[in-house]
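> One structure is given below, represented as structure tokens, and several questions about it will come after.
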């Protein structure tokens with residue numbers, strides 16, 4: 001495109017001077033918890049043989065995606081809040097958006113793979129070892145990253161491929177599709193339709209897999225005669241369902257609505273799924289999980 005502006009200005013979360021220091025410390029704390037929680041969960045799974053199962057294999061990749069896309073967003077946001085220098089180069093803006101789109105899309109497909117794993121474990125336990133073999137797990141993860149990489153290329157091309165000759169102020173705290181497209185002086189309707197269609201394919205496609213998987217799980221669990229078995233099955237799926245609800249709720253609000261409806265509420269929703277959700281996932285998957293608690297207890301005793 002015809003990029004006449006060499007640098008862009010991110011307007012950030014707020015332009016109120018007195019609010020920037022408290023927000024900096026708040027988001028710094030959240031980011032540190034995100035890194036420690038997700039990386040700690042990954043290390044715990046790697047060093048604990050009892051957690052070398054498909055569910056925790058997918059969980060380590062989910063934690064990796066959380067760390068990556070949180071790191072793509074948070075350090076730049078913290079720097080802007082602390083220094084007040086909110087400029088970003090055109091290449092930096094494009095790179096930030098591309099990596100963010102890649103890891104968020106990968107997380108959608110990883111959540112779908114985790115739902116499939118729970119479906120097979122509860123509905124078809126006798127064939128679980130063969131249906132969710134180590135090779136099948138690697139294939140599902142590879143598929144997640146492959147689809148995410150291709151989608152991110154299309155998202156980035158649609159967002160940054162036009163001509164930009166207008167103001168260089170991005171009304172957001174990171175380079176996202178909608179605020180960047182507002183700077184274009186060429187017709188962006190085709191790009192908006194392509195981005196929306198791809199978001200529908202990735203978001204609704206993976207959410208449909210999750211809904212179908214848990215529909216079958218619910219049908220199977222309700223048919224169990226043993227109350228302890230039903231409770232154990234619900235506990236197995238509860239953490240994943242909470243994580244899915246938090247992630248997809250804000251993601252659908254952001255990307256499955258027409259461009260004309262985007263507004264100031266987008267920043268609040270974006271903070272939730274780019275900053276808060278990656279922090280919460282390790283707690284969601286560990287606080288109510290007896291296997292993770294037992295592994296943590298063993299690690300503490302060894303230390």
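Backbone N, Cα and C atoms are what each Cβ position is placed from, and that goes for glycine too.
Annotation source TrEMBL lists transmembrane segment at 23-48, 55-77, 97-116, 136-155, 193-212, 233-256, 268-287. According to TrEMBL, the domain 'G-protein coupled receptors family 1 profile' annotation covers 37-285.
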> Is the number of Cβ-Cβ pairs under 8 Å between the transmembrane segment (193-212) and the transmembrane segment (55-77) three or more, considering only pairs separated by 6 or more positions?
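No; fewer than 3 Cβ pairs under 8 Å.
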> List, by number or range, the same-chain residues at least 6 past the transmembrane segment (97-116) whose CB is under 8 A from its CB atoms?
55, 58-59, 61-62, 65-66, 68-69, 72-73, 132, 137, 140-141, 143-145, 147-149, 151-153, 155-156, 159-160, 174-177, 180, 202-203, 206-207, 209-210, 213-214, 240, 243-244, 247-248, 251, 273-274
